[in-house]
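Undergrad: There's a structure below that I have some questions on.
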Ligand code: GAF
């Protein structure tokens with residue numbers, strides 16, 4: 001948690017003026033439902049108590065001036081000349097500005113200060129949090145009258161156009177719409193959603209960060225998405241009503257995809273089955289059946305690793321290691337994959353022992369630090 005006072009003080013030092021608004025937009029976890037969002041399926045995320053903080057104020061000229069605490073770096077651009085840039089971090093902000101201007105928003109120049117405690121590259125959606133913090137802050141600063149859901153959609157488009165990742169809506173939606181103590185079941189087809197209390201009793205959610213981020217992650221992500229779309233096209237030849245994998249069954253894949261392209265078949269089947277696992281997990285959560293919930297997490301990991309092929313040896317190792325402990329009900333890789341964190345459903349009283357045992361083994365094996373992160377389901381984007 002970063003104190004509002006801290007953000008205010010740093011804004012004053014960096015820009016020599018007063019911020020007019022400070023916005024907090026959180027990172028997210030996802031209990032289950034991976035790579036389903038861009039297939040019009042379901043996801044079960046929630047925001048966490050780690051967030052991006054943005055402080056903004058208008059300027060008298062047409063300049064946009066940014067400062068990122070993490071990189072100790074300024075970036076400046078004219079409002080009328082917004083374009084993607086080589087350096088990574090400004091793109092998440094510029095992409096949002098670009099989308100707002102495409103929608104006809106009348107923006108002026110402004111200063112924007114960014115800080116945050118969402119670990120970068122850990123698969124906790126720090127980029128979505130930055131996009132949503134920016135969208136929310138500009139909405140209040142320029143009185144744009146955007147709904148929360150518009151802010152999520154704008155963030156997603158910014159990711160497509162300025163970060164080059166054809167992501168689904170999960171991360172941005174979770175960042176803006178989450179409710180403390182709950183998970184959000186989102187239907188990514190029509191964006192209808194419901195909140196379910198995350199009541200885990202003696203158990204807790206523990207994240208284990210591999211501290212790995214493979215550089216090919218975004219191209220592999222886009223390839224997976226393309227494979228899903230190709231599968232839908234094959235089914236569509238026989239079922240014209242099928243518009244996404246949401247409309248497709250395993251039988252249809254068996255009949256119309258398997259013999260044509262085995263790899264596309266396996267990827268698509270994973271997605272169809274992952275929606276089924278999500279529904280089973282939601283039911284288990286409602287019934288308080290945490291053992292069943294945990295089993296679905298382990299199954300999801302097998303699918304992500306062996307079928308969808310978005311895991312890596314570090315993630316597989318972490319899931320295999322915890323599997324033998326009766327105090328760990330479930331574990332799987334979380335998010336896009338190729339690094340980042342595993343999400344673990346662990347007996348609260350066992351967490352520290354697990355971390356103590358696992359850390360030296362992981363570090364010895366991979367020569368990388370292992371970071372354990374305890375998270376609390378939190379509210380979505382807010383004005384501080
Ligand atoms: C990333 C994407 F940004 C999400 O939209 C989602 O597809 C996720 O990977 C995988 O479930 O976080």
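FYI, residue positions are counted from 1 along the chain as it appears here.
Heads up, the Cβ atoms here are built off N, Cα and C, so glycines get one too.
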Undergrad: Figure out which of 195, 203, 221, 265 sits with 34, 35, 36, 37 in the substrate site per TrEMBL.
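TA: As annotated by TrEMBL, 34, 35, 36, 37 share the substrate site with 221, chosen from 195, 203, 221, 265.
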Undergrad: Which secondary structure state does DSSP assign to residue 127 (ATP binding site), in the simple three-class scheme?
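TA: Note: residue 127 (ATP binding site) is helical by DSSP.
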Undergrad: Go through 159, 171, our recorded positions, and report the one whose Cβ sees the most other Cβ atoms within 10 Å.
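TA: It comes out as 171.
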Undergrad: Anything from the recorded positions 121, 122, 124, 127, 159, 171 with its Cβ under 6 A from ligand 1? List those in sequence order.
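TA: Checked recorded positions vs ligand 1; flagged 171.
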Undergrad: Let's check the environment of residue 125 (ATP binding site): how many other CB atoms sit within 10 Å of its CB?
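TA: Neighbour count, Cβ to Cβ under the 10 Å cut-off: 32.
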